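**Q** Here it is, the structure in full.
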Amino acid sequence: MSQSLIVAKFGGTSVADFDAMNRSADIVLSDANTRLVVLSASAGITNLLVSLAEGQELEQRAYLLDEIRTIQYAIIDRLQAPDVIRQEIDRMLENILMLAEAAALATSAALTDELVSHGELMSTLLFVEILRERQINAEWFDVRKVMRTSDRFGRAEPDVDTLQSLCAAQLAPRISEALVITQGFIGSESKGRTTTLGRGGSDYTAALLGEALHAARVDIWTDVAGIYTTDPRVVPTAKRIEEISFEEAAEMAIFGAKVLHPATLLPAVRSDIPVFVGSSKDPAAGGTRVCNETPNPPLFRALALRRKQTLLTLHSPNMLHAHGFLAEVFAILARHNISVDLVTTSEVNVALTLDTTGSTSSSDSLLTQALLTELSSLCRVEVEENLALVAIIGNNLSKACGVGKEVFGALEPFNLRMICYGASSYNLCFLVPTPDAEEVVRALHQNLFGA
Ligand code: ADP
Ligand code: ASP
Ligand code: MG
């Protein structure tokens, strides 16, 4: 593939309506190297589809479908020749209705993925039409032909080798002939059933396709002009980071900075592909460059916030001077397919967090009764919900002096439920009650980054 290929991804707000789609089309057309475009569903559509997939009563189904139709028809109504595309979208809506009826009888993660995939299928159809009306040779491509994943519905993992060979055979030739528009977020497993990469997964799709096609850059166009020192919705005075390393940005994403899906930077790091993050509403405002190394990385780079954290505290007097307790606990968690997020231990207690965010299926809860029963046979188990994880992302944090004072000095009025520091030199993180979380971030941001 061309050495200068750019893969551009546009999120939900960037394809929310006719005007947003046209602004995004302007961005695509402003650089001839942009040959592959990855789109999310129009804003709001995925949430409506997830709701349908949860199984709804007849009236609610009709209401939700109507909401979806209204959003997509508002785009169709502004086209010069809307008839053919309206028929295509109507067929999609019929499919959605049929799948929603099935979900009302019995929900499943596989059915959810099939249903929600229609959001991206529709937005890409509409975007191609907008480009064609602008006389562009644009082609719709079903990403499921190349995005082979595991069958872990709701949070499927890509099979990178298969993706690579399918891209070389099927996608690369298309890109050399037309501007190709494809779907983020969705894929298919080996039997051909539709899967999804987890909420916000379109960023990950763009990076995976960029890697498979040896792109020179992946551009993530969203509703903020880059990556900021923290979520600008929480701290409006947050500052844009002009250049950030893969490691730092990956830590931010993993700890909840929604601007990038947590896995986005894996392919970028593997293949050293720079990522740009900018606002499709204001491309002239510039954005953030994410690359391998940045000059003079600061001690404190950013703050991230992840809500909906579950804390398990395990208490076992047998742990005193005993061997193997932690090994047993982790073996149980592994059998239940749970990866532990944070851990702290004392002589007879272990506290650990499970991150329950990210899956497309809202029913995909990590904390099952079977897990609790098995753990309870070993020790006393306490479960706390409604916690939020605040992470400070930085460089050489575990080697610097005075970090404790700077961080915790600002947090005097707050209850800190658990603190993790020292395992990684890139982060320091702690749990707070969710109602305090935004206040904590604001106080900390003021202290570390100023007003
Ligand atoms: P898209 O639909 O384009 O993928 P998202 O809503 O997933 O957009 O991500 C963009 C949002 O990420 C922003 O509106 C912002 O509120 C949030 N966000 C969280 N942390 C950060 C951060 N550190 N910098 C920029 N945006 C952030
Ligand atoms: N449409 C999907 C979601 O809302 C994927 C994405 O936007 O990246 O989660
Ligand atoms: Mg997103």
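Numbering starts at 1 and runs along the chain as it is shown here.
Just so you know, glycine gets a Cβ as well, placed from its N, Cα and C.
Unlike curated records, TrEMBL annotations are generated automatically.
Feature table excerpt (TrEMBL):
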type: BINDING; residues: K9, F10, G11, G12, T222, D223, Y228, R233, K258, V259; note: ATP binding site
type: BINDING; residues: T46, E120; note: substrate binding site
type: DOMAIN; residues: 314-386; note: domain 'ACT'
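Give me the lay of the land around each of these features.
**A** Contacts of K258 (ATP binding site) defined by a Cβ separation under 8 A and a same-chain sequence distance of 6+ are given as G200, D231, in order along the sequence.
Listed in sequence order, G12, S40, V116, G119, F185, R199 are the same-chain residues at least 6 apart in sequence whose CB falls under 8 Å from the CB of T46 (substrate binding site).
Mean pLDDT across the domain 'ACT' (314-386) comes to 85 in this model.
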**Q** Near ligand 1, meaning Cβ under 6 Å from any of its atoms: which of the binding-site residues K9, G11, E120 fit that description?
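**A** List returned for ligand 1: G11.
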**Q** Among K9, G11, T46, please name the binding-site residues whose Cβ is nearer than 6 Å to ligand 3.
**A** G11
**Q** Go through the binding-site residues K9, T46, T222, Y228, K258 and pull out the ones with a Cβ less than 6 angstroms from some atom of ligand 2.
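**A** Checking each Cβ against ligand 2, the ones under 6 Å are T46.
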**Q** Calculate the distance in Å between the alpha carbons (Cα) of G11 (ATP binding site) and E120 (substrate binding site), and round it to a whole number.
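**A** Rounded to a whole number, the Cα-Cα distance is 10 Å.
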**Q** Whole-number answer please: how many Å between the C-alpha atoms of T222 (ATP binding site) and E120 (substrate binding site)?
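**A** Cα-Cα distance, T222 (ATP binding site) to E120 (substrate binding site): 16 Å.
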**Q** Tell me, how many other CB atoms lie within 10 A of the CB of G11 (ATP binding site), whichever protein chain they belong to?
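**A** The Cβ of G11 (ATP binding site) has 25 Cβ neighbours within 10 Å.
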**Q** Can you break down the domain 'ACT' (314-386) into helix, strand and coil residue counts using DSSP?
**A** 22 helix, 19 strand, 32 coil
